Amino acid sequence: MSGDSVAGRLSAPRAGAWARLSPRSRAALARIGWGIASVGMFAGIWELLWAIGVADARLLPPPHIFLGNIPDQARFFNTAQRWQIGVDASAGPSPLGAVGITVAATSMRVFVGLGIAAVLSVTLGVLIRYFTLLEKLTLPTITLLSPVSPIAWLPVAIFMFGIGNAPAIFMVVIALFFHMVLSTISQIDGVNRNLINVARTMGASKRQVYGRVIIPAILPQMLIVLRLNLFASWMVVLIAESTGVGFGLGQVIMLARNTFNPSLVFFTIALIGLLGFLSDLVLRQLQRRLLYWVPEATGVLRGL
Amino acid sequence: MGSDPFLPYSSKDAVVCRGIGKTWAIDTPRAHEALRDVDLDIRPGEFVVLLGPSGCGKSTLLYLIAGLEAQTSGQIWSFHDEVTTPSPDRSLIFQETSLFPWLAVWQNVSFGLSIRGVPLKERRAVARDALSRVGLVEAMDKRPDELSGGMRQRVAVARALAMRPKVLLMDEPFAALDVQTRAKMQDFLLDVWRDSGASVLFVTHSIDEAVALADRVVVFTSRPGRIKTIVPIDLPRPRDPFSPQCEALRRLLTEELRGEVDRAFAEQEALARTG
């Protein structure tokens with residue numbers, strides 16, 4: 001594999017140590033190496049454009065500027081409710097602590113929203129296939145609502161939940177819910193008929209067919225759908241947070257926009273990218289643990 | 001229709017089909033007749049092979065007997081009971097792998113018992129027994145994707161046997177296997193069949209397979225599927241495929257089938273032209 005050879009060349013001086021690694025950790029190291037190479041290439045191009053004067057540092061500050069002074073950037077993440085009368089501008093946790101709180105708050109909204117959306121939509125999807133009446137009553141509405149942009153739900157979120165965590169979580173849920181229901185239904189329709197027929201000939205009731213065959217059979221695809229929707233929820237949560245949730249990465253982006261601070265915009269983007277990548281990693285591990293029967297090599301989206 | 005409502009009830013036959021017809025997607029423009037007026041009796045412990053060109057409705061008949069689909073006309077009985085729903089007495093084995101990939105081999109084999117709520121210890125014992133009959137005890141705790149195609153089909157047979165079925169319905173179970181594995185699996189199936197005492201209804205489009213296995217070969221016409229002729233084979237097993245008797249049988253069955261295959265082919269071409 002080309003990944004191995006490049007990584008092998010990179011660690012040429014310690015070839016002995018490289019050879020002693022297990023194939024699995026060698027593959028992992030190669031993957032990390034490629035990740036660094038990929039990000040490094042884009043950062044390098046950006047720095048080059050800055051060096052030759054194409055990228056204006058005031059509009060498109062290159063990485064060494066927006067990552068150069070993290071404590072300075074972190075000042076803007078103040079989680080104290082500064083707009084409230086009588087709160088001092090310097091109140092609140094330390095700048096880095098504030099970054100941590102902001103990141104944790106946004107991640108919490110993403111994962112809670114994703115969790116609620118997954119449970120609700122898979123449950124409803126299964127029930128829709130189980131009860132024909134429910135399908136007839138709900139499926140047209142769900143299909144009708146699924147193409148509606150999450151942004152259109154933003155006023156609804158504020159009408160219903162005001163400000164705070166609830167509207168942000170609602171936004172994540174509503175953005176994923178409808179098409180995860182549709183995707184659950186299409187997964188159920190795609191279950192191998194033979195598996196269902198085998199269970200039926202062995203005397204399985206409808207409930208047993210669903211519980212013991214259909215649900216385990218759709219799990220692998222559903223987890224992939226969940227992983228893909230993870231990125232969508234990272235996108236939606238920023239929109240929700242930009243409308244005054246108090247604090248969160250979306251709020252920092254809005255602050256950066258309003259104060260014309262491109263450095264802060266790119267710092268936050270870098271942070272979001274890193275978070276998205278890490279949370280995908282977590283889901284991928286979860287997938288490997290939970291779906292022990294799915295051979296790794298067949299995961300077409302494995303390297304995603 | 002040749003249905004006599006009184007006769008089948010007194011019958012002790014494993015499967016009795018009277019006047020079976022099946023039209024798929026009936027009342028729609030895409031309706032097509034798969035089976036017409038099929039009468040067939042299968043005795044307990046008998047090995048019957050259904051032979052016909054692909055798409056002739058022989059698999060459909062299997063699904064009807066399994067109770068997975070409802071016939072459009074006629075009636076099916078199995079040991080006095082009319083077939084209306086699937087039953088563990090009639091196990092179905094498919095061409096493709098139908099093992100549950102998330103369950104270990106032994107859990108697959110005892111799936112039917114777990115549905116009935118049989119305790120784990122007993123399930124494992126039954127699974128061990130069934131797997132020993134197919135020579136796969138050592139693979140008990142493996143997962144299906146760790147097994148070869150032939151082994152997976154043996155597990156599928158073990159799973160069917162674990163239900164102690166009276167009728168084994170097999171839908172081209174060895175069609176996806178290579179020739180050598182296939183020959184071995186046929187010998188293996190004959191052993192299992194003799195041990196279990198169950199009737200076997202075996203669908204294939206392979207004349208060789210029919211001659212190697214059957215007590216009776218039921219030859220089907222192409223669409224709609226009807227019984228063209230029934231050829232009894234009264235030869236001891238294991239049969240030498242190169243013996244003159246087997247040669248003669250193959251020639252006879254080839255002759256019977258040739259017209260049907262030609263007709264099916266022409267029909268499919270016509271269908272493709274009209275769209």
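Using the three backbone atoms N, Cα and C, a Cβ is placed for every residue, glycine included.
Taken from TrEMBL, the feature transmembrane segment applies to A:28-52 (among others).
Under the heading domain 'ABC transmembrane type-1', TrEMBL lists A:103-287.
For the transmembrane segment (A:110-132), same-chain residues at least 6 beyond its ends with a Cβ under 8 Å from one of its own Cβ atoms are 138-139, 168-173, 175-178, 180-185, 187-189, 206, 210, 214-215, 222, 226, 229-230, 233-234, 236-237, 279. Under the heading transmembrane segment, TrEMBL lists A:110-132 (among others).
Listed by sequence, the residues of this chain that lie at least six past the ends of the transmembrane segment (A:144-163) yet keep a Cβ under 8 A from its Cβ atoms are 170-171, 174-175, 178-179, 181-182, 236, 239-240, 243-246. Residues or ranges marked as transmembrane segment in TrEMBL: A:144-163 (among others).
What TrEMBL lists as transmembrane segment is A:169-188 (among others).
The transmembrane segment annotation in TrEMBL covers A:209-228 (among others).
Here the transmembrane segment (A:234-256) has Cβ contacts under 8 Å with residues 76-77, 79, 81, 101-103, 105-106, 109-110, 113, 150-151, 154, 157-158, 163-165, 167-168, 170-172, 175, 262, 264-265, 268, 271-272, 275-276, 279 of the same chain, all six or more residues outside its ends. For A:234-256 (among others), the entry in TrEMBL reads transmembrane segment.
Positions annotated as transmembrane segment by TrEMBL: A:263-283 (among others).
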